[in-house]
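**Q** My structure is below; once you've seen it, I'll send some questions.
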Amino acid sequence: MTRTVHVIGGGLAGSEAAWQLAQADIPVILHEMRPVRTTPAHQTDGLAELVCSNSLRSDDADYNAVGLLHEEMRRAGSLILAQADAHKVPAGGALAVDRDGFSQGVQAALAGHPRITILREEVAGLPPEDWEQVVIATGPLTSPAMAEALRGMTGEDSLAFFDAIAPIVTKDSIDFGKAWFQSRYDKGTGSDYINCPLDREQYNTFIDALITGEKVDFHEWEKDTPYFEGCLPIEVMAERGKDTLAYGPMKPVGLTNPNGPKPFAVVQLRQDNALGTLYNLVGFQTKLRHGEQARIFRAIPGLENAEFARLGGLHRNTFINGPRVLDRTLRLKAQPRLRLAGQVTGCEGYVESSAIGLLAGLFAAAEALGRDMLRPPATTALGALLNHVTGDAEAETYQPMNINFGLFPPPPERDERGRRVKGRDRKKLYAQRAREALTPWLNTIRE
């Protein structure tokens, strides 16, 4: 009889790991602490809740590493990607989802699987000794008891960084006499984003307000915690230089204002639900106090009467030093019955977290069945990400990382004709090589 595998955490990684195990006919108990114990950032008790953005980023599998990871996960039977595709909303070349529909779809699939049992309870601390195989996917908002247990097992201090959340506004509160629909360079449908224009004077006033606005205070023990560079609060970016945002998330390139002159800067809003009634401010994650957010963001042309469905916020993320404490199949070296998955391993992003959950589920299933399982090739997105988390990164300076082509072994610099391959052609070469390597690996795990 196959032993039950316990998965702790019903976020993206835990949900994906549980699905992969169940699809391999392994009995799974999925433990989710919400609603028994809540977190500072979650709004619901749904499985696979998207806490920050509703975007899974670029879906371009030829020229973007995260788009390639999407493709590989689809080919590997990912539940998260299947539900993202089922609940996607317009977002240009990105894969964005209706967050409620997505979460409900994941939860329904897991609850309806005959090999999965969902328990709403907190696993406080070290899992019981008679749990022979455990996947810990407690996420960036790991409870204090579990964080302390991990610290004790690894012999290391918990590492942490701050992550911020962007506000969401109702579409019908936006003034379309000033704002307009358009994607940069008319990608996607050509009108997947709402754009709010600012001239130079308005932009300068906005930047000054961001810098001087009242921020959330840190606890004493949080003050030395760094931010994740890929999700900086907008006011932190503003403090780095007056025009930092004008060359970053507020750059006006690829857009034409039908309501007036060419803007100096643009605030973009991306659809947040399937109904198209909610839009989030792209790149506007913030630690401003709620009253300040309403005041400052309503100074943006087109958002003067904005109704906020959710204001931004800040939460502290916890992760372990994967290269130091994990083996090559995501097991804790100190306790091999425990396998880690998701953002707690130090990968960063929804897609990356789900991908590590997928691999943890596959590794755990193979172990439960007494089979050896090959790791995905290093030339694939799955393999490159796994290698980063489990050993290729420098342990002394290990930090959360999104998937990128810099994690892959470099392809040949010249093609078969001896011509140097660079730019977009080089990115496509990464993707072609990954596809070729993934097929035989998928065949081995399906045998």
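Even glycines carry a Cβ here, placed using N, Cα and C.
Pulled the feature table from Swiss-Prot, pasting it below:
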{"type": "BINDING", "residues": "Gly9, Gly10, Gly11, Leu12, Ala13, Gly14", "note": "FAD binding site"}
**Q** Same chain, not part of Gly9, Gly10, Gly11, Leu12, Ala13, Gly14: whose C-beta falls within 8 angstroms of the C-beta centre of the FAD site? Give them in sequence order.
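**A** Along the chain, the qualifying residues are Val7, Ser15, Glu16, Ala17, Glu32, Leu47, Ala48, Ala137, Thr138, Gly139, Ala341, Gly342, Ser353, Gly357.
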**Q** Sort Gly9 (FAD binding site) into helix, strand or coil using the DSSP assignment.
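**A** Once the DSSP labels are grouped into three classes, Gly9 (FAD binding site) ends up as coil.
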**Q** Can you tell me how many other Cβ atoms are located within 10 Å of the Cβ belonging to Gly14 (FAD binding site)?
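**A** If we count other Cβ atoms within 10 Å of Gly14 (FAD binding site), we arrive at 30.
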**Q** Identify, in sequence order, the residues in the chain of Leu12 (FAD binding site) that are 6 or more apart from it along the sequence and have a CB within less than 8 Å of its CB; answer 'none' if there are none.
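**A** Residues satisfying the criterion: Ala48, Ile80, Gly342, Tyr350, Ser353, Ser354, Gly357.
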